[in-house]
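Annotated features, as they stand in Swiss-Prot:
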type	residues	note
DISULFID	C77-C156	disulfide bond
DISULFID	C95-C170	disulfide bond
DISULFID	C151-C167	disulfide bond
DISULFID	C189-C196	disulfide bond
DISULFID	C214-C231	disulfide bond
DOMAIN	41-169	domain 'SCP'
DOMAIN	205-231	domain 'ShKT'
SIGNAL	1-19	signal peptide
Amino acid sequence: MILLKLYLTLAAILCQSRGMTSLDLDDLMTTNPEIQNEIINKHNDLRRTVDPPAKNMLKMSWDNIIAESAKRAALRCNYKEHTSIAERTIGGVVCGENYFMSSNPRTWSSSIQSWFDERNNFMFGFGPTIPGVMVGHYTQVVWYKSYKVGCAINLCPAQSLKYFQVCQYCPGGNVAGRKYEPYTIGEPCAARPKDCDNGLCTNPCAYNDDYTSCPDLTKQVGCHHPVTANC
């Protein structure tokens with residue numbers, strides 16, 4: 001059965017935090033390879049710590065094309081104007097998106113950690129433990145098959161929350177039908193123990209979850225078999 005995919009564009013709105021005022025916008029530009037490494041390392045470090053553990057969590061890597069897409073989203077300066085699915089479709093793959101806004105610049109590690117900390121109100125397989133609380137940033141950060149990421153920041157001086165950080169993830173997570181199961185529970189790398197880097201799988205397959213059976217089909221016949229053409 002084909003499921004309608006629900007790719008959530010998510011925004012975290014946080015006010016000024018202490019200890020962040022020494023940063024400058026230039027310190028956070030994602031054209032800097034050091035910043036790219038910080039973003040990737042932070043995501044991968046957090047993905048290794050999910051509880052319950054994940055047997056199929058992919059290792060993330062940086063993608064400049066996705067970063068350019070995230071930059072276009074950041075230039076809008078308005079989290080209410082969500083990036084359309086068409087604009088977030090890169091190479092035929094629909095990507096997910098997380099937003100973060102703040103009154104003062106924050107390190108990328110801090111912003112990503114804030115998304116991840118939504119897990120404090122999340123129960124695997126159930127969803128939010130408090131009605132209405134946001135958990136979609138967390139589930140996107142730890143979505144098992146989102147293995148490419150690109151991020152950007154923009155200064156929006158007309159707004160009180162003027163620092164606008166955007167990350168896009170490909171393939172996107174938060175898929176309808178399993179958005180509260182962002183990965184499969186099991187021993188780290190148990191899905192592909194020969195393709196493993198410290199608990200993260202290194203055998204990505206860029207397919208969309210158009211069918212509930214896509215993960216099993218892809219495992220059996222690979223990414224390029226006609227059976228998985230619509231995965």
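Keep in mind that glycine also has a Cβ here, set from the backbone N, Cα and C atoms.
Here the features listed in Swiss-Prot are painted onto the structure.
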| residue | record | Cβ within 10 Å |
| --- | --- | --- |
| C77 | disulfide bond | 17 |
| C95 | disulfide bond | 27 |
| C151 | disulfide bond | 27 |
| C156 | disulfide bond | 17 |
| C167 | disulfide bond | 29 |
| C170 | disulfide bond | 26 |
| C189 | disulfide bond | 23 |
| C196 | disulfide bond | 16 |
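Reported as a whole number, the C-alpha separation between C189 (disulfide bond) and C156 (disulfide bond) equals 41 Å. A gap of 39 Å separates the Cα atoms of C77 (disulfide bond) and C196 (disulfide bond). On a Cα basis, C196 (disulfide bond) lies 25 Å away from C151 (disulfide bond). Of the candidate disulfide-bonded residues, C95, C156, C196, the one lying closest to C167 (disulfide bond) when CA atoms are compared is C95. Note: the CA-CA distance between C170 (disulfide bond) and C196 (disulfide bond) rounds to 20 Å. In the predicted model, the domain 'ShKT' (205-231) shows an average pLDDT of 51.
Residue counts for the domain 'SCP' (41-169) under DSSP (helix as H, G, I; strand as E, B; rest coil) come to 38 helix, 34 strand, 57 coil.
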